Every structure is written in structure tokens, then in C-alpha cells.
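Novice: Quick one: structure below, then a few questions.
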Amino acid sequence: MRTSLPGYVAIGRMQARTVMRYRVDYGAGLVRLLFQILLLRVVWEGLYAGRTMVDGISFSLTITYLTLGNLQNWLFSPWIFSLIPERVRDGLVGIDLTRPVGFLGQVVASQLGRTAAMAPFAVVALPFASFVGGAQPSTSPAAIIAYVVSLALGYCVITILSVLVGLITFWTLELEGLFLIYRMAVQFLSGALVPLWFMPDALRIVVEVLPLQAVMHTPTAIYLGRIHSGDVAIAMAVQALWVVVLWFAARLVWSRAIRRMIVQGG
Amino acid sequence: MIRALRMWAILARAALRAEMQHRVHFFFGLLGGLAVQGMGLVFIATILTRFGDLGGWTFQEILLLYGMRLTAHALWVIPFASLFQITHVVRSAEFDRYLVRPLNPLIQLMTRRMAIVTIGHLIGGVAILAAGMVRSGVVWTPVNVLLLIAALAGGALTEMSLQLALASLAFRLHSATELMLTLDSVFNSFGNYPIKIFGPVARWGLTTVFPLAFAAYFPATVLLDRTDELWVLPWIAAAAPAVGVILAALAYLFWRAQIRYYSSSGN
């Protein structure tokens, strides 16, 4: 692991450079994100219809949750799929496999590089997002620290999950439609459109046993003090459990995928 | 005109056949299109289950509006999906070829590829529209049916016009796709809601500068007998399909004027 670290860093840096090259596209993506946040704001304003509280939850709390959550989801960019589909389609996966570092590690390193390059965009977007959406300070400094830890765990969950979904490409080659379904599932099941506390009970129970709520809902709810301090540790343990389970699942699928591999155009 | 339509039909069928070569790709493309529309609907169903109404609109009424918008969207995007590739087509000088062949360049661009996802949009849109038609309580007199059909065509033309105008910018700016995707996302997110909830500034903006209100919301208020809530005269709302036709003519003239600025990147 130690010896291959420079290799992973180089791959991450390569990916970061790609983001900078396409900065106009990413900038436009941010504008779309701001529209999305604005839409959520006006729709939720319409739903609150002048009430300050619904089920004991203020409008400002709900809109902060949605603003922060959507910005996080944008930064995590789960729909860029860890590059696997693109590499498989173009046959470049053959080159990737000859590199002296593991393939899954390369994919994760790319994703980290991309996120690092996108982070400044997210920082610039934060005040705009707070303006069109809303922002409310966290309840306590302890909650902010817990938020950062939980956000990192959420990032691990979504990154590994995207690798797992991306690996399907080894069986199917390009599947634009499947990724669209995944992207929509991430949006809804992570809580980025409807906070979990406003979902009907039957739906909420389903969402709570799925991994996607660990991506956005858990950190955001911790930030806003919606998870009581006693339960914060449990929520994070659930996130950590998902990281481990998904990582083993990804290893397992990868060990099968490599036997199925076709290098196109070789 | 008739020849152009026939050529379009032949080329579109060929492009569709190319997409259908890979069955799994085709099937998941359809499902993907359905997922996009399905998620928007699940969102509205979830919030209205909890809150009852949005700006006075019930779920059943929003269902009709949503179905109209999606169907109109599918009607524009199925034939015009390749328009989103304009940046690539201009930059790679692929447009050179369109200019030397004896067929309208726009039709050649349109039939460059078919996007299967858009057929999923149509299936989803029609299903939601049918549910909305049954459950919204509108009495489907011949006049209402005609208004609905005209509204779908007008909505498709309105959206097409704005996108075609943006695509035309690619000849001079060498870049239009990102702008078009942004417009698309605005249409797909804001267009599905009763526009009155957006507040006075956005209402007027979405009526004049950026006429999204004409795409589905205005005709839906006429069908649902909700024109009292409008900020324009009811007859303007009922005339929405005509607005689509006028915009389409203007957009096409703009496209024709902008083609002259095309300069090949050469090779």
C-alpha cells in the first residue's frame, strides 16, 4: 500500500486536471444546481404556505437541510460513475490494468482527485446557495465536528456504491439508462428532495434501511441537531457499517468482473 | 416541406434502428427515461401526501399539468435530441457535410442520432397525462380535447423554439450545449409546477422574457377552470398554442440567419 501511494496520488491529480480543463462545464453544472435549490425553496415555501412550523420543524430548518444536502450531493457527484463505464467503452480499461496499482484503487483515487478539484467550486457556490436557498447555523461546535466526520463517511459510502454500480459495465458495456436510474435514486433516497422526516412512514422505513440515507441525510441531520447527541454515534456506526459492507461487495463483484472483461478495440 | 418531412421520417427510422441494435441498451434507455419522470412524480406525490395541496392545486390537478408538460417535452425532444450535440458538430466541422448535401441541414442534424431515453419520456408522459385526464375532474368535451391537443403541440413548439435559438448561438460562440442543458433543466424542473407559486417577479419573467408559462401551465389553468389565479387575461392563456407557433417561426428564422456565421474549423 505504501509503495503504491505515489501512483494513486498521480492518478488523482490527473483527474483533478480534467476537472479544471472542463471548468466551464462544471460552472454550468453549478448554475443548474442553484436553479434546483431555488426550485426546492419555492416549492417548499408553497407547501409551508405561511406556517412557521410543520410537525415542529421550521421552514428555515427544512430549507437549510435541502440546500446543504444538494450542494453536498453535487460535490460527491455520484453520477460521474468513477469513470468505469467510459474506460470500458473506450477499451482504456486494458491500459488501466497494466498499471502497477490496483484498478479499484485507481477508480477511488480518480474520484478523490475530482472531488478535490471541485471543492473550490463548492466553496464559491456556498454563499450563493445559501442566498437562493437558505442557511441556518449549526446547533453547536460539537455538532459541526460530528458533521465533518459523518460527511467523510457519507462520501465513502457514495464513492464505493458508485464503483459497485459502475462495475456492472463489465457485463453490459455502456448503459446510459441504468446510470440515469441510479442518479434519480440517489436524489430521492438520500433525502435531497424531501427530508426523511416528511416522508410517509412506510416510505421512510424503506429509505432508512437503504445505504443512500447515510450519504446525505445523516451528516446534514447531525449538522442541524436533528439527530440527538446520544444517537449520533449510532448513526455514524451505521455509516461505517455501510462502508465496510459495500467495500466487500465491491471486491467480490470486481473479482468476478475481471474474468468477464472485454477490452474493446484491442 | 412534404419532401423534408418524408426525408426526416426515413432518416429518423434509420437512426432508431441503429439504437435498437443493442437490446439491453435500448431497454435500459427506456427505463432511464421513465425513471427521470417517475422520480419527479414520486416527489410531488410524497409532498402532497403530507401537505395536501400546493398553492391550492390538488395532486390530481398537478397530475394533469405534469402530464401535459412531460408529453409536450417528449414531443419536442424525440425529434430534436441531437440538437444538444450542436457544439460538437460545429467544433468538429461535421457541419461541413450537412451544408454540401442536398437536404436541409437542420434535418440532417436532427437525425444524427436518436436518444432512446426520450422515448421513455414519452411513455411516462402519456401515462401521467392519461391518469391526470381521468382524475382531474375535467369534462372532456370536444372543445377541451382540441385545446389539449393544441396545447401539447404548442408546448412542444415553445420549448423547441427556445432551444433552437440557443443552439443557433453555437455558430458564433462555438459553444451552446451547456446553455441548452441549463435551459432544459429549468424547463424540466420549473415547468411542472403551478407557476403562480413562484412569486410576482418570476411569474412575469416566465411569461415574457422566458415564456415557460405558455408551455403547459396556461392551457392547464384553462382546462381546470383556474384562470382566476392568473396575472394575464384568460384569452391570452387560451391562446398559448398560437404563441408556440409564432415562437417556432421566429426561432427558425434566427437559426437560418445564424448559419451564415458558421466557419469550418477545417482539417
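Every residue, even glycine, has its Cβ placed from backbone N, Cα and C.
Note: TrEMBL annotation is automatic and uncurated.
According to TrEMBL, the transmembrane segment annotation covers A:26-44, A:112-132, A:144-173, A:179-198, A:205-226, A:232-254.
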Novice: Please give the sequence-distant neighbours of the transmembrane segment (A:112-132): residues at least 6 beyond its ends with Cβ less than 8 Å from one of its Cβ atoms.
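Specialist: Result: 11-20, 23, 26-27, 30, 33-34, 37-38, 41, 67, 70-71, 74-77, 80, 155, 159.
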Novice: Hey, which of A:26-44, A:144-173, A:179-198, A:205-226 has the most Cβ-Cβ pairs under 8 Å against the transmembrane segment (A:232-254)?
Specialist: A:144-173
Novice: Same-chain Cβ contacts of the transmembrane segment (A:144-173) under 8 Å, 6 or more residues past its ends?
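Specialist: Answer is 72, 76, 78, 80-85, 88-89, 104, 107-108, 111-112, 115, 138, 179, 182, 186, 211-212, 214-216, 218-220, 222-223, 232, 235-236, 239-240, 242-243, 246-247, 249-250, 253-254, 257-258, 260-262, 264.
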Novice: Sequence-remote contacts (6 or more beyond its ends) of the transmembrane segment (A:179-198), Cβ cut-off under 8 Å?
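Specialist: For the transmembrane segment (A:179-198), the nonlocal Cβ contacts are 40, 54-55, 57, 62, 65-66, 69-70, 73, 78-79, 81, 85, 158, 162, 165, 204, 207-208, 210, 212-213, 215-217, 220-221, 226.
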